[in-house]
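Okay, structure first, notes after.
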């Protein structure tokens, strides 16, 4: 029981103690991604923008979706999901592919996972001004609900960190996990109200979709940037609680397995 409590508190302690190292490694990871590229960080915008263009063409031009400012609605879902998916994918493979950085370094291995998430967070934040620009291009409004945005970033970070730590540890022993995650996250994308509105679904299906905490987070982003309404405080507190549970559970599993990593990496 004592060990479990230590693991829970250690997860938050490591985030605080190594925050500067996580920040520097995240910056290094981001720079490495675009080293030798002429367009540099612009490429971080290409994936969400390409998805936006494709889905806008399909649903606005082909299927004649009548929704107001539909590209803005799409972008509200694509951006937070892209951060979630890209972080989970690289985070899952970060320990198994870490080599000597895992087996010989004195640095806590969870820092490697956190830095991957941090780098993708920076990519995400670079794309947010594009979303805001789209809001004004389509003559929509952003008001005081924007104040919830930093809190949503924190909530999604803890959710991503918990899931990434769990699968990063599991992938060390079962390398098929990283391939399963790719397909699983793709399924999640199409199962959530990104391309469609949740009100278009039967109530039973809607309740089923919102068993997924990522769908809750995306709903809050849509409230802020598309509907210009503040997410309900109890709604936000509930997601925060769930995200912290995911973080604690993911870190606890990671901490229980990390002594074995050097034998398998």
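Any Cβ shown, glycine's included, is placed from N, Cα and C.
The domain 'ABC transmembrane type-2' annotation in TrEMBL covers 39-257.
The transmembrane segment annotation in TrEMBL covers 41-63 (among others).
What TrEMBL lists as transmembrane segment is 70-97 (among others). Sequence-distant neighbours of the transmembrane segment (70-97) (same chain, 6+ residues past either end, Cβ-Cβ under 8 Å): 47-48, 51-52, 55-56, 59-60, 109, 112-113, 116-117, 120-121, 123-124, 127-128, 130-131, 134-135, 138, 140, 152, 156, 159-160, 163-165, 167-169, 171-172, 175, 177-178, 181-182, 185, 188-189, 192-195, 197, 214, 217-218, 221-222, 224-226, 261, 264-265.
Annotation comment: TrEMBL describes 117-138 (among others) as transmembrane segment.
Residues or ranges marked as transmembrane segment by TrEMBL: 145-171 (among others). Distant neighbours of the transmembrane segment (145-171): 80, 83-84, 87-88, 91-96, 110, 113-114, 116-117, 121, 177-178, 181, 213-214, 217, 220-221, 223-224, 228-231, 236, 239-240, 242-251, 253-254, 257-258, 261; these residues of the same chain sit at least 6 beyond its ends, with a Cβ under 8 Å from one of its Cβ atoms.
Below 8 angstroms of C-beta separation, residues 55, 59, 67, 73-74, 77-78, 81, 84-85, 88-89, 92-93, 96, 167, 170-171, 209, 212, 214-215, 218-219, 222 of the same chain, each at least six residues beyond the ends of the transmembrane segment (177-197), sit close to that stretch. Taken from TrEMBL, the feature transmembrane segment covers 177-197 (among others).
As annotated by TrEMBL, transmembrane segment applies to 209-228 (among others).
The transmembrane segment feature in TrEMBL is assigned to 234-254 (among others). Residues 4, 7-8, 10-11, 110, 113, 148, 151-152, 154-156, 158-159, 161-166, 168-170, 213, 216-217, 220 of the same chain lie 6+ residues outside the transmembrane segment (234-254) yet bring a C-beta within less than 8 angstroms of a C-beta in it.
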